[in-house]
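Taken straight from Swiss-Prot:
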{"type": "BINDING", "residues": "Leu121, Gly125, His126, Leu127, Ser356, Pro357, Phe358", "note": "(6S)-5,6,7,8-tetrahydrofolate binding site"}
{"type": "MOD_RES", "residues": "Lys230", "note": "N6-(pyridoxal phosphate)lysine"}
{"type": "SITE", "residues": "His229", "note": "site 'Plays an important role in substrate specificity'"}
Amino acid sequence: MLKKDMNIADYDPQLFAAIEDETRRQEEHIELIASENYTSPRVIEAQGTQLTNKYAEGYPGKRYYGGCEHVDIVEELAISRAKELFGATYANVQPHSGSQANAAVFMALLEGGDTVLGMSLAHGGHLTHGSHVSFSGKLYNAVQYGIDESTGKIDYAEVERLAVEHKPKMIIAGFSAYSGIVDWGKFREIADKVGAYLFVDMAHVAGLVAAGIYPNPLPHAHVVTTTTHKTLAGPRGGLILSAIDDEAIYKKLNSAVFPGGQGGPLMHVIAAKAVAFKEALDPEFTTYQEQVVVNAKAMARTFIERGYDVVSGGTDNHLFLLDLISKDMTGKDADAALGNANITVNKNSVPNDPRSPFVTSGLRIGSPAITRRGFGEQESVLLTNWMCDVLDDISDLAVSERVKAQVLELCAKFPVYG
């Protein structure tokens with residue numbers, strides 16, 4: 001018999017302790033992983049509802065199970081809000097993740113073995129953009145473009161040259177570690193030149209796009225995907241969008257999600273997406289995203305002032321790459337040193353990195369989470385100087401302990417959930 005007063009703490013103290021420890025870590029550590037953020041209590045509430053009990057294979061009004069009249073409303077709310085948020089005429093809110101959303105696009109628009117042109121993982125792309133270890137590189141003929149080493153920006157001339165040479169059926173624009181502004185229109189121009197679909201993965205900048213401070217790819221791309229966490233600050237999940245008014249493609253996309261790649265949707269997560277989309281439509285969300293960019297720019301500028309190399313020389317969005325090659329330091333060691341001071345980052349390859357992806361020569365740094373907990377430009381500069389203090393000599397334990405104490409004090413002033 002199920003009872004409302006059942007809880008994890010009493011039944012499974014070992015698991016509860018791990019959850020409590022992670023909660024404490026999030027409050028006492030500064031989060032700078034560019035793909036992480038803090039969801040609102042409303043999003044967390046939605047994910048903890050009884051919607052998790054409901055199977056709802058199919059789409060609103062066309063389910064394979066009975067009893068879906070209420071979850072239909074939930075999904076329709078999420079769909080309509082996603083369309084409004086991004087100016088789309090089509091939205092599929094069912095993908096469990098960004099990678100699964102991307103896989104659905106491949107399945108809908110391509111045949112196995114077709115040629116795709118995407119950004120190299122080593123230059124800031126994503127696994128699903130054609131990496132040889134991903135389905136996108138195993139099942140398809142993947143050609144990769146990169147950035148111009150002299151500018152740190154996407155080399156559009158190379159993109160066009162490769163497109164003309166290889167005649168891809170689909171060109172992929174988007175990134176997981178690129179600090180510039182992507183020219184979606186230029187990508188569409190190249191795609192049209194060779195008769196290719198343009199598929200944009202805006203997972204990292206979706207929140208900035210929603211706020212109108214990063215170019216919207218919807219007017220240019222045939223299909224757009226995103227995650228619903230990262231800068232959108234919603235639950236972990238995926239989303240597929242389009243604005244081309246092509247019902248045939250919309251039908252293919254729906255079929256590629258269900259039954260092509262997934263079974264029943266996660267209705268509790270879709271409810272959380274609906275909440276997050278509503279939050280993103282609020283005016284204060286734009287203010288938040290503007291501060292995200294201000295903070296990232298301030299951090300990149302401060303690193304440069306302290307003698308560190310920033311790929312592309314700065315940032316125009318929420319993230320940037322710190323190149324540590326000139327410091328003779330690995331990303332792995334830098335990551336660990338900052339972690340010891342309660343500052344969480346992730347090691348990351350830099351363009352033409354001589355080290356393996358398990359070691360790397362760089363760090364990826366993002367501002368969405370620190371901005372979410374209330375950091376402004378002043379705190380961002382202060383934090384960056386602390387990070388430089390640690391990185392100037394990662395063997396100096398006294399500096400590490402001093403910075404850790406400063407981090408704890410700052411975190412106490414800016415609780416995640418105050």
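Note: Cβ is positioned from N, Cα and C throughout, glycine not excepted.
Long-range neighbours of Pro357 ((6S)-5,6,7,8-tetrahydrofolate binding site) (same chain, six or more residues apart, CB within less than 8 Å of its CB): Ser349. His229 (site 'Plays an important role in substrate specificity') is 28 Å away from Ser356 ((6S)-5,6,7,8-tetrahydrofolate binding site) when you measure Cα to Cα. A C-beta separation below 8 Å, combined with a sequence spacing of at least six in one chain, links His126 ((6S)-5,6,7,8-tetrahydrofolate binding site) to Asn102, Met119, Gly174, Phe175, Ser176, Asp201, Ala203. Here Lys230 (N6-(pyridoxal phosphate)lysine) comes close to Ala34, Ser35, Glu36, Asn37, Ala203, His204, Ala206, Gly207, Pro368: these same-chain residues lie at least six apart in sequence, with C-beta atoms under 8 angstroms from its C-beta.
In the structure shown, across all protein chains, Leu121 is the one of the binding-site residues Leu121, Leu127 with the greatest number of other Cβ atoms within 10 Å. Packing around His229 (site 'Plays an important role in substrate specificity') is summarised by its Cβ count: 26 other Cβ atoms lie within 10 angstroms of its Cβ, all protein chains included. Residues Leu121, Gly125, His126, Leu127, Ser356, Pro357, Phe358 are recorded as binding (6S)-5,6,7,8-tetrahydrofolate; their most distant pair of Cα atoms lies 17 Å apart. Taking only the Cα positions, the spacing between His229 (site 'Plays an important role in substrate specificity') and Leu121 ((6S)-5,6,7,8-tetrahydrofolate binding site) is 21 angstrom. Around Phe358 ((6S)-5,6,7,8-tetrahydrofolate binding site), the same-chain residues at least 6 positions away in sequence with a Cβ under 8 Å from its Cβ are Lys332. Under the three-state DSSP scheme, His126 ((6S)-5,6,7,8-tetrahydrofolate binding site) falls in the coil class. Counting other Cβ atoms within 10 Å of each Cβ, the binding-site residues Gly125, Ser356 show the lowest value at Ser356.
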